[in-house]
Ligand SMILES: Nc1ncnc2c1ncn2[C@@H]1O[C@H](COP(=O)(O)OP(=O)(O)O)[C@@H](O)[C@H]1O
Ligand SMILES: [Mg+2]
């Protein structure tokens, strides 16, 4: 009988429970993906570009666990809010409290168990997919990373079983403490919006000060060092919480009051919003902070990748250096637009490498060559058949070391020979072909192909690029996982927290319907209300990111380079959550379309689904 | 002048139960209410009073039959039109007040006018006048939780009439009030009626019913009796008591008969 009640409860609210289940599944999958990296210390340390990456992961794990805890509690609260009245009903018809508890526990077990099984499967699949996609995109392999990772599986399952148990316990306690009447009148709030006192003003001012200090610390991190790091991590969250808890509710209320267009549904929406912002202020501040962390992590990873690109662009090395290119290679080179290209003939005779002077003069006739460190060659070409030595001609030496053929390696001296002398040398000439294209990054495929069969004797520009990319790739991968994990968890938290208020609002919207408010206007009001609830922390979080990216200034050349990409990703993820929340909210809070819509039909099935759907409740 | 406010023609309403049975809640109701009348609907619990009121309020559609309110055939309205109709032409008072707890009393009262985009100054003036008239002027700026039941119901009454609806509907508006507050509300309603408002309300209380000009008595989804007030309120009250007694007797006899001859 108890099981039957539980199952019938689940069936009755199937669609809402599916959303809850989906939320849990996503949370488990993401938590697992994160753990596949957090527990794989070999992989992290090998790929990290930051020394203290282990610390970052330890902190990340802790934060994610904390957010997940709240998330599961909110999800449990959402389930509870859906079912309160029903539990109350069971109890009025004489079901004992213990029985209702068992029903609730069974329900939670069924959902939790299903979520763990599906979530783990999805997590493995996603980890595999994301890692191979990223590896493909970045042209590397994440050696040592495993999508199906034993310790991660174990930890995730244990963690979630514990979490679900804690949540179950929590709602059991809540049910135990609630009186029957409270259950039946679920959501009849007896609070009046508190009027902000004088304390709120000073609290807000304090918050503003703290936030400013945090921002200053973030901006001048290089100078402030440890003190800056401490100040930023303490002051920024402190300021955010204070501002969200003191000034924001006032601001929203005042904005609502001074709204001259009090006409229409706006009066109602403003009232709702003022009510909500006060209730949710801590939640919104937390969202803002984690949005900042998540987006910041993604942006940081991408900034490292961009740094690899930038370094390649700025390097003075020649894009390609080929010895005696064969016709096939020359054919490949046709596809490249070169800004400069040169040929250098070299002959080796005993301890001397002879370089054709005419080739070097041709090089100079174009524009003075750029050296590897980016400076321009200023030295004159030595006259006669003088040797180019390390001490006498460092710039020439540096220039030539990047383009001399393998045969010239180990020569004691490099000497210049004019045409007739060069021709007379008895050994075979090697022609080195090298040049600089209009855009190194545009032709990476061609460089790769040209250099594929090469026995490396010097570190080419392409090699350097590949190396940077590999390192950055690891960071991008980690940043991406970390960021997406924070963002989705946080957005899910916000979603369920907002949704658990929906059943309370159902009565308000039922009343509005009676007063003759059209369905589309109620939907517009909900869109606006939830829009602000998502927008406020989103905007604050983005501001944090914009300021916070300064943090990377001491390792990256341009931390803000292509920042739009992570911001876009954030906007897409966050936007999707907003849409899902609005959709769910409409379903939970708005009265069902009335039979009055279609007059004279039999479309009046058994019972209204929504409390307060009819004129009175007798 | 005799203008019809409500014309109900053979209105029925049935529900389909889960097991495929049809439950008849309204079994063909025909009545007319003139503009300016104050009509009470009485009847035992479950007789269909609330359902009838919901159908008239365009909150629920009748299964068959026709209803005209203030000249509008409400059975042909779509969802949008019926919402607009409710917003402009109807006012509601509920047993459980149904004020919005997230708005102040003034904002609650202003809501119907605000929803019609009335100019802010006009809305303010009307709210202030009504609050004075209904004796709740001192409560401006307060939230519903800070009010007593009687005060809440007076605010609800103010909200119900602020947009000058053609018809005021109430489902047991005094049901949750003590006798003093009930009397105050009835005075307000009577006063509104004298000024020309048409009021239709459901009640099970004879005192409340005695302030009406006419009582429609419902049983098993049908109108079974009608009582018109001809004399004083006191007389009408006694007549209503007599009617209720008689109906109780009928019910009792019917039950006794059923028990004797199953
Ligand atoms: N949505 C519904 N589905 C099925 N039966 C209903 C529904 N609404 C009301 N009823 C039934 O209609 C009858 C009349 O209800 P109602 O109009 O609320 O009575 P009253 O207000 O006179 O007490 C009751 O027997 C009730 O069970
Ligand atoms: Mg009723």
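Including glycine, each Cβ sits where the backbone N, Cα and C put it.
Taken verbatim from TrEMBL:
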TRANSMEM  A:14-35  transmembrane segment
TRANSMEM  A:55-82  transmembrane segment
DOMAIN    A:60-173  domain 'ABC3 transporter permease C-terminal'
TRANSMEM  A:103-128  transmembrane segment
TRANSMEM  A:148-170  transmembrane segment
TRANSMEM  A:200-221  transmembrane segment
TRANSMEM  A:227-248  transmembrane segment
TRANSMEM  A:283-305  transmembrane segment
TRANSMEM  A:476-499  transmembrane segment
TRANSMEM  A:530-555  transmembrane segment
TRANSMEM  A:561-580  transmembrane segment
So, does the transmembrane segment (A:200-221) come close enough to the transmembrane segment (A:561-580) to give 3+ Cβ pairs below 8 Å, pairs being at least 6 apart in sequence? no
Contact between the transmembrane segment (A:530-555) and the transmembrane segment (A:200-221) (3 or more Cβ pairs under 8 Å, separation 6+): yes
Treating G and I as helix alongside H, and B as strand alongside E, what does DSSP give for the domain 'ABC3 transporter permease C-terminal' (A:60-173) in helix, strand and coil? 99 helix, 0 strand, 15 coil
Winner by Cβ pairs under 8 Å against the transmembrane segment (A:227-248), considering only A:14-35, A:200-221, A:283-305, A:476-499: A:200-221
Within the same chain, the residues 6 or more beyond the ends of the transmembrane segment (A:14-35) and with Cβ under 8 Å of it are 60-61, 64, 68, 71-72, 75, 78-79, 82, 111-112, 114-116, 118-120, 122-124, 126-127, 130, 149, 151-153, 155-156, 159-160, 481-482, 484-485, 488-489, 492, 495-496, 580, 584, 587-588
By a Cβ-Cβ criterion of under 8 Å, what residues six or more beyond either terminus of the transmembrane segment (A:200-221) are in contact with it? 227-229, 231-232, 234-243, 245-247, 250, 547-548, 550-551, 553-554
